[in-house]
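Chemist: Handing you a structure now.
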Amino acid sequence: MNKLLVFILLLLLLINISFARKRSYIKNTDASIVVTQFGAIKGIVEDTHRVFYGVPFAQPPVNQLRWENPIDLKPWENVRETLTQKSQCAQKCNLGPGVCSPIGTSEDCLYLDVFTPKDATPNSKYPVIVYIPGGAFSVGSGSVPLYDATKFAQSSVIVVNINYRLGVLGFMGTDLMHGNYGFLDQIKALEWVYNNIGSFGGNKEMITIWGESAGAFSVSAHLTSTYSRQYFNAAISSSSPLTVGLKDKTTARGNANRFATNVGCNIEDLTCLRGKSMDEILDAQEKVGLTFGDKILDAFTIWSPVIDGDIIPMQPLTAVKEGKTYDVPTIIGNVKHEAIPFIYSFFQDSVGIDYYRVLVAIVFPLNAMKILPLYPAAPRGQDSRPILSELITDYLFRCPDRYHTVTNAKKLSSPTYHYHYVHVKSTGHSLDACDDKVCHGTELSLFFNSYELMGERLDNDEKELAIDINNYIVNFATTHNPNTGLDVPVQWRQVTSTQNSTLILETTIETKDTFTNDPKCNALDLTYYRNQVRP
């Protein structure tokens, strides 16, 4: 009996030691484990922050789920490792190192990355930024070095970078398909963040959506959609090509028919379409061409969300005009030479005076004679691409941004802030035409403070500018006022019905009235931006 008692006591002791070790292990790694509504995940705890790479937010949209709305995940039992980034969504990425994913490309791509402060707990209530990457709705990924959000996490903000289906897989609209699968992916990611970010230490009542380029265009669409509104309460739109407009059903259907012909399927035969490989899909997508005429600007985004009257009820710029956008604090901005990369990619040879005038007449069939004196062609024998770039920058980005900002100030109660980024980085650019220019996307490595990961060597003034930009964004995400919280060099005044103020982002930051007495934007306003804001 004594021997049996001793044995039992020893056994209990061993069990207790084992259990204690297990509890100790859980305690020591607790910061790396977060329990979501679908199961536990394990991330990485760095010295200054935590990061969870490749967190799934929907079932993989493959096989029978290709061209279907995103579907909720199935729960899992064991702790799922989220230690490495996942593939970018199906695409032929041409954005260069640090912007194209080194992991590869896959249709199984509905994942997101979460960056949090190191000390975040479920009680922290840190503000949240959800970042929607750009890339003309055809390329791009949130899981790349450019969007590394370490600096934001170190500044007490949680950042979630998302992926969504691109190109024809995300935005093919037909009589049977609404064409907003990639947009619904974004909404599914926002829903996931809203439902789960509290477990990471975030405040679901303080979620800011932010996007650049097509990501900013997406932000504008979310501001019109009743499907999105409950999942965020502030917005940042960086370099949105609002004038291009989202696709109407007719244009979307035409692009879909050309794609189906290229891939060898009837547009209504989903079995055939789903039977094609990813590479076959991408090859056929690449061959989809556009006719010129008044649709020339659609070349900027061959594939995009579709105005279906339900998920997206109207063009974002029309919603702005009618005061039908979500009334939330908003930052709107752009860079100085947005259109140069597009113009010099589309027109690789010099554009002469006659060709330039034809292009202006195509884009502005009713207003060309009013536009040409403001944007005169270069003398005969010289290249008119520089002035064409200025015109398209103003028409697609700068002037509709002005319209958006001023109209918000008149129609909405929430504050709107405007910025214009003009700093020429000391590091080079991959496109020769962008040397000594501020091209589309060039600001992002400063906005994210990811310049070292991008191999850029900035001088001290530029590093200080990056910190100042970080502080403005952190303050806005935290308080909805970019001036309250972390130190900023200049008070960024909101635009009101009586005050036009733009924050000029240069190594010496200042504010200016860039809206009043602008004859170019005044003239472009009268084109009604492709009839999106006609009186």
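Numbering starts at 1 and runs along the chain as it is shown here.
In case you wondered, yes, glycine gets a Cβ from its N, Cα and C as well.
Sequence annotations record features per position, and here Swiss-Prot assigns signal peptide to 1-20 based on sequence analysis. Annotated disulfide bond per Swiss-Prot: C89-C109, C265-C272, in sequence order, evidence recorded as similarity to another entry. Residues or ranges marked as active site, acyl-ester intermediate in Swiss-Prot (evidence: sequence analysis): S213. If you look up Swiss-Prot, you'll see E338, H440 marked as active site, charge relay system.
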Chemist: Give the three-state DSSP assignment (helix, strand or coil) for C272 (disulfide bond).
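Modeler: Once the DSSP labels are grouped into three classes, C272 (disulfide bond) ends up as helix.
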Chemist: Within 10 Å of each Cβ, count the other Cβ atoms and name the one among the disulfide-bonded residues C89, C109, C272 with the highest count.
Modeler: C89
Chemist: Going by DSSP, is C89 (disulfide bond) part of a helix, a strand, or coil?
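Modeler: Reduced to three states, the DSSP call for C89 (disulfide bond) is strand.
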Chemist: Quick check: in three-state DSSP terms, what is E338 (active site, charge relay system)?
Modeler: coil
Chemist: Determine the Cβ neighbour count for S213 (active site, acyl-ester intermediate): the number of other Cβ atoms within 10 Å of its Cβ.
Modeler: 25
Chemist: Given E338 (active site, charge relay system) and C109 (disulfide bond), what distance in Å do their CA atoms have, once rounded to a whole number?
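Modeler: Distance (Cα to Cα, whole Å): 29 Å.
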Chemist: Where the distance is taken from Cα to Cα, which of the recorded positions C89, C109, C265, C272, H440 turns out closest to S213 (active site, acyl-ester intermediate)?
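Modeler: When the Cα distances are compared, H440 comes out closest.
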Chemist: Looking at the disulfide-bonded residues C89, C265, C272, whose Cα is closest in space to that of H440 (active site, charge relay system)?
Modeler: C89
Chemist: If one looks at the chain holding C265 (disulfide bond), which residues at least 6 apart in sequence have a CB under 8 angstroms from its CB?
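Modeler: Correct list: C272, L273, K276.
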Chemist: What is the one among the active-site residues E338, H440 whose Cβ has the most other Cβ atoms less than or equal to 10 Å away?
Modeler: E338
